[in-house]
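Peer 1: Here's the feature list from TrEMBL:
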TRANSMEM  68-88  transmembrane segment
DOMAIN    107-195  domain 'RCK C-terminal'
DOMAIN    199-280  domain 'RCK C-terminal'
TRANSMEM  287-307  transmembrane segment
TRANSMEM  313-333  transmembrane segment
TRANSMEM  354-376  transmembrane segment
TRANSMEM  382-405  transmembrane segment
TRANSMEM  439-464  transmembrane segment
């Protein structure tokens, strides 16, 4: 809902300002794209203009003005939102840090945005009289050692025989047990565990502890709460939950979505078992599946070429929306087939940055010839319009979320930054809240906003002629 309010209000304000200042559709759509720092709006508007039936001269002028409007307002939109993200939380009555802590208390979350992640370590101890007395004849399931100590009994050596215990095992005098847990959990162990009884046994300690990123895929995990996975019951430790490339707070009540990434540590065999149960381990190959990317790139362009004729006006979703839908299809197939469409993270970052630089260079070259005249003719108007379109929808979203939806402020500001699809502003909100709680709101609106912004570029061109 917030994404719809953000994009809808921005488009309406842009249309109103465009008519007020007497601009053409090119300047108006470019101003909207730049103020929202959204390249999908720019590409969507450009594709729709090319299919609008304009004459050659009109089309060339509109496309030049589209690039000009974007170039003049992009920095205004980016800087104003970053400044707004830093100071807007201070203008409201509720402190973001307090709001984040409130959510954390309600849900039992870790609020530390810079939480350190440690690899579990293995220690071996010999069972003595104190530990036998503490166990009091109860089996491991009844003792709930992980709940009490934060460590998990991975192996037991009894009478020279090494075994992996189940929940029915009972500790006996002279047993040697291998405990797996984080360093601070070992430090908190009751003296009845430690008390000078630590032993070194090469076979007992010979375990391969790994940390893997598990992608949620299987139907028996999707839609379930994190607590229902019972990772600790299987000897595994959860380090991170990542959704849409945003690290989420570790919350037992978080409902898992397909494509979520869980960073899990533990014995390699146990981690593999958990991965097979809920999805698959993200592969760590350095080979890019270029065939899949090229095929879906072509499919996206073909989808964008589809047009519908209404009287004298032809309408098509354009290349931007076509490539977006192709990307969604590719992502869906990759979520179900892990080896399909794989690209290493380093290569992905390079392609994204290089593509953005080439795109911005193209916009600059298109707008460069007229930017001097544009600054003189509409520079002041563009400055005002850029600030208004950038900040007023944010204020509207804040009022709607705070007083209509009555959202928690930390979640609300995260959702607002997601609706603006601005990761730098999201980082500022997290720093202000001193928590990654706002990421819960960001992930919920980011994907929807990307789709709506792509459609906004098309819609603003379609409705412009009807405004007179």
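Glycine is no exception: its Cβ is also placed from the backbone N, Cα and C atoms.
Curation does not apply to TrEMBL; its annotations are automatic.
Looking at the shown structure, can you explain where the listed features end up?
Peer 2: Listed as Cβ neighbours of the transmembrane segment (68-88) (distance under 8 Å, sequence separation of 6 or more from its ends, same chain) are residues 23, 26-37, 42, 363-364, 366-367, 370-371, 374-375, 378-379, 382-383, 385-387, 389-391, 394, 398, 413, 417, 420, 422, 424-426, 428-429, 432.
Same-chain neighbours of the transmembrane segment (439-464): 2-4, 6-8, 10-11, 14-15, 18, 25, 28-29, 32-33, 36, 38, 40-49, 52, 103, 243-244, 246-249, 313, 315, 317-318, 320-321, 324, 407, 410-421, 426, 430, counting only residues six or more beyond its ends whose CB sits under 8 Å from a CB of the stretch.
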Peer 1: Reported in the order helix, strand, coil, what are the DSSP residue counts of the domain 'RCK C-terminal' (107-195)?
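Peer 2: Once the DSSP states are binned, the domain 'RCK C-terminal' (107-195) shows 22 helix, 25 strand, 42 coil.
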